[in-house]
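The annotation active site is assigned in Swiss-Prot to D129. Feature annotation from Swiss-Prot assigns substrate binding site to L76, C77, H78, M114, E115; the stated evidence is sequence analysis.
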Amino acid sequence: MSDSLTHIDASGQASMVDVSTKAVTVREAWAQACVRMQPDTLLQVKYNQLQKGDVLAVARIAGIQAAKKCADLIPLCHPLALSKVSVDFELDETNSTVLITSYCKLSGQTGVEMEALTAASVAALTIYDMCKAVDMGMVIEQVCLLEKSGGRRGHYRRGDTVS
């Protein structure tokens, strides 16, 4: 891994990285977020009983839309032509959580890590928004990159070193 920050130019100013000379390769990234809530709130999500509607369906669409808008939200991100975005949910009644996993893919000159992280984060925020009327104490946690592949730096899996 490089010790220098790629978004800082020689004069110390923030700048967008020039990716024009990078090879076009298939890039993939997986990210997660977790929403911890009251057990009753989780049951209302599971059985689609909240007044605002189908929480997981809306959160899925919000996460997909967020990945597509990542460059509008994070100033130095490149606008990307994503070929695939998915957002999936795992309801854990024992821990009263919704685990969100996002996946982004493209063939391009820069990675999709930020898009995957944005998808998982916005899906979590959407769950919070749709459930806050019954549970303002929810906690969004464990937002992280799980895995990425493609590009010059190769494969990364959380817990591993960059190869």
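For all residues, glycine too, the Cβ spot is worked out from N, Cα and C.
Shown in sequence order, C70, A71, I74, P79, L80, T110 are the same-chain residues outside L76, C77, H78, M114, E115 whose Cβ sits within 8 Å of the Cβ centre of the substrate site.
Within the set of binding-site residues (L76, C77, M114), the lowest number of other Cβ atoms found within 10 Å of a Cβ is recorded at L76. For the recorded positions H78, E115, D129, the ranking by surrounding Cβ atoms (within 10 Å, all protein chains) places E115 first.
D129 (active site) and E115 (substrate binding site) are 21 Å apart (CA-CA, integer value). With respect to their backbone Cα atoms, H78 (substrate binding site) and D129 (active site) stand 28 Å from each other. Residue pair M114 (substrate binding site) / D129 (active site) shows a Cα separation of 22 Å.
For the recorded site, H78 (substrate binding site), the DSSP three-state label reads coil. Separation of the C-alpha atoms of C77 (substrate binding site) and D129 (active site): 26 Å, rounded to the nearest whole number. If you take the Cα of L76 (substrate binding site) and the Cα of D129 (active site), they are about 27 angstrom apart, rounded to a whole number. Site extent for substrate: among the recorded binding residues L76, C77, H78, M114, E115, the largest C-alpha separation is 13 Å.
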